[in-house]
Amino acid sequence: MVQLTDAFARKFYYLRLSITDVCNFRCTYCLPEGYRPDGVKSFLSLDEINRVSRAFALLGTEKIRLTGGEPSMRRDFTDIIATIRQNPAIRTLAVTTNGYRLVRDVAQWRDAGLTAINVSVDSLDPRQFHAITGQDKFYQVMQGIDAAFDAGFDKVKVNAVLMRDVNDRQLSAFLDWIKPRPIQLRFIELMETGEGGNLFRKHHVSGGVIRQQLLEQGWQQQDRARSDGPAQVFHHSDYQGEIGLIMPYEKDFCASCNRLRVSALGNLHLCLFGEQGITLRDLLGSDDQQDELIARIQSALQTKKQTHFLHQGNSGITQNLSFIGG
């Protein structure tokens, strides 16, 4: 099998596939004013999703994560899961969700073939959760995480965007929460975007602060599998849960990059903070275009840069994280 490899010998096993940029939350670090449609958009159809996922599978992709926006806003979300999972080469099919539909739908997603779930929970304080997300749905999301375990998921990942003077002093509360639960809690450093410069300057804090606290408390870093995301994961014998740290401003963060992104409009993005994407959609209309689609993906990858330029304050075309799913 051909394996996607770039000019810096990095191998790519992981595709983050956005299926919508619509979201019903108004998170302060992403869409503080809520989702505002910019004209009429036509997101990838079920057939187009099938074709792009199949092409990446033929290029060695083992893991696909469905992102948004909020992926479950798609009425055909369960069908999307089932369609991708028909391909045995895709060993892991994950979703990142705000969790508001978990209680109702997670068992159905599991039955359709979903293998992994990430849920965004930036605070364990219901009032602060409401303030961050613009939605009074903390308890509904918590019930949804329980529903995921009931549906048969043996682990749930929970994402929390780390923000100074918001949740950076809540480590002990989060640790108490995951001690009896098989939850991998992932602290994600706040990243600068085109629309979020002021927020970044006010609230960014390095994940290294959390890492130092974990090491002092006896947590140990574990090795990463080839299709894992960018988190540094820590475990402790006294805890069922784990802690992950995603620190894009850390030296050599990009050296282990193993993932590519396709937007809900069918553009290939080589980096979350890259420039204009490469269109794939004109090659998603027919199965007969598969060879040409594969060739375009391979050719485009050779232009991927060695690193992002966040340290220079350059966030590329990413205006907010709903744009291509973070």
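Note that Cβ sites are derived from N, Cα and C of the backbone, with glycine treated the same way.
According to Swiss-Prot, the protein has these features:
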BINDING   Arg16, Arg65, Thr96, Lys157, Arg259, Leu260, Arg261  GTP binding site
BINDING   Cys23, Cys27, Cys30  [4Fe-4S] cluster 1 binding site
BINDING   Tyr29, Gly69, Ser120, Met191  S-adenosyl-L-methionine binding site
BINDING   Cys254, Cys257, Cys271  [4Fe-4S] cluster 2 binding site
DOMAIN    7-240  domain 'Radical SAM core'
Comparing the Cα of Arg65 (GTP binding site) with the Cα atoms of the binding-site residues Cys27, Tyr29, Cys30, Met191, Cys271, the shortest distance belongs to Cys271
If I take the alpha carbons of Met191 (S-adenosyl-L-methionine binding site) and Cys254 ([4Fe-4S] cluster 2 binding site), what is the distance between them in whole Å? 14
10 Å Cα neighbourhood of Leu260 (GTP binding site): matching binding-site residues from Tyr29, Ser120, Cys254: none
Taking Cα-Cα distance, which of the binding-site residues Cys23, Cys254, Cys271 are within 10 Å of Lys157 (GTP binding site)? none
Rounded to an integer, what is the Cα-Cα distance in Å between Cys27 ([4Fe-4S] cluster 1 binding site) and Ser120 (S-adenosyl-L-methionine binding site)? 10
Compare the Cα of Arg16 (GTP binding site) against each of the binding-site residues Cys30, Ser120, Cys257 and report the nearest. Cys257
Filter the binding-site residues Cys23, Cys30, Ser120, Cys254, Cys257, Cys271 down to the ones within 10 angstroms of Thr96 (GTP binding site), Cα to Cα, kept in sequence order. Ser120
